[in-house]
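*Asks:* According to Swiss-Prot:
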{"type": "ACT_SITE", "residues": "99", "note": "active site, acyl-thioester intermediate"}
{"type": "ACT_SITE", "residues": "392", "note": "active site, proton acceptor"}
{"type": "ACT_SITE", "residues": "422", "note": "active site, proton acceptor"}
């Protein structure tokens, strides 16, 4: 049995990435303050349909995701269908895979096309760190349920007497892993220490990311893949990412204090991604349907793979596990790739994965391979800057990476590109795209 992955439908047609778009990415509580993930999702899907001149009624499936869930609209995908002029019978469901969420939605739509169930679908994701589901304490939640059953004033008074002042305080969403209590920042700190990644190297990678992202915006390359977002009540707009450090100076990074290990740490706010708001989406079609409708795809999915590892140690090493699987399924080696796009959750996590790509010991002990994945050529790596600069709305990053690498490959005359990311819960993803 061949190890090669056949990302085609029954007719042998490839899965075409027809178009992609995202909102600008904005730091928490700035341009998108008060705008929900759902509203950003509707915003970007509406604009994507308008720009592609695709009749919304032709969309057969929409798979969308978010990580920070909205209790009022748990199925964000269905709400987007109902809010963007698509046929009400359009299949729609929501997914979540932490920072790999829109990779998952992309794969789900692609697999629906591969099985022949649909020919056209939309995938993507959105997240807001500014509109959060603020909860209540367990004691208050328990009391509120009991209040619904209490009949007399005396019974209600007895319930209130069980509560202390601290029980009334709001509870923000958790930033730590449910199973370990560790935050991703703490894991990044652990990886920096385990693999001897210096503060200087982390700051240098962050500086590189911001510098390249700033140059990319100045070149105009992102104008066709980032929409102008008009913010309700439509008196303001945002037309570019607002986390990028223009005229980044390497020496300035050293001024920041460690964020997670105050005494001995090296992970800072400057070499980590900030909490970010934003949304992204892509249109997928069977190759034949895209051709029939007159579209020139920006790329095709060649292979993909997901991975899962332990959450106590090296939780953010997902790219090092998923990438060799995707390469094997594509029949490729790392050196065959034209471009490599790795999600930069933290500089420490990114550098640790790059180190493991080149490690024979890691390949033998963790992957069961007799040779390393390969040493990354920096002339191919995150050439437009990465998440450290652009920001990271959790569910939106995957389809940002896919669109960005496809369009950059198109500018370069074609080739193949790897997109890969770590995700909370010890998850990882890698997807290889090809562009003609």
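Just so you know, glycine gets a Cβ as well, placed from its N, Cα and C.
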*Asks:* Considering the active-site residues 99, 422, which residue's Cβ sits among the greatest number of other Cβ atoms within 10 Å?
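*Replies:* Result for the most crowded candidate: 422.
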*Asks:* Would you kindly give the Cα-Cα distance separating residue 392 (active site, proton acceptor) and residue 99 (active site, acyl-thioester intermediate), rounded to the nearest Å?
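*Replies:* Here the two Cα atoms are 8 Å apart.
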*Asks:* Compile a sequence-ordered list of residues in the same chain as residue 392 (active site, proton acceptor), six or more apart from it, whose Cβ lies below 8 A from its Cβ; state 'none' when nothing qualifies.
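*Replies:* Long-range Cβ contacts: 25, 99, 273, 274, 276, 343, 345.
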*Asks:* With H, G and I counted as helix, E and B as strand and the rest as coil, say where DSSP puts residue 99 (active site, acyl-thioester intermediate).
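*Replies:* In three-state terms, residue 99 (active site, acyl-thioester intermediate) counts as strand.
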*Asks:* Going by DSSP, is residue 422 (active site, proton acceptor) sitting in a helix, a strand, or coil?
*Replies:* strand
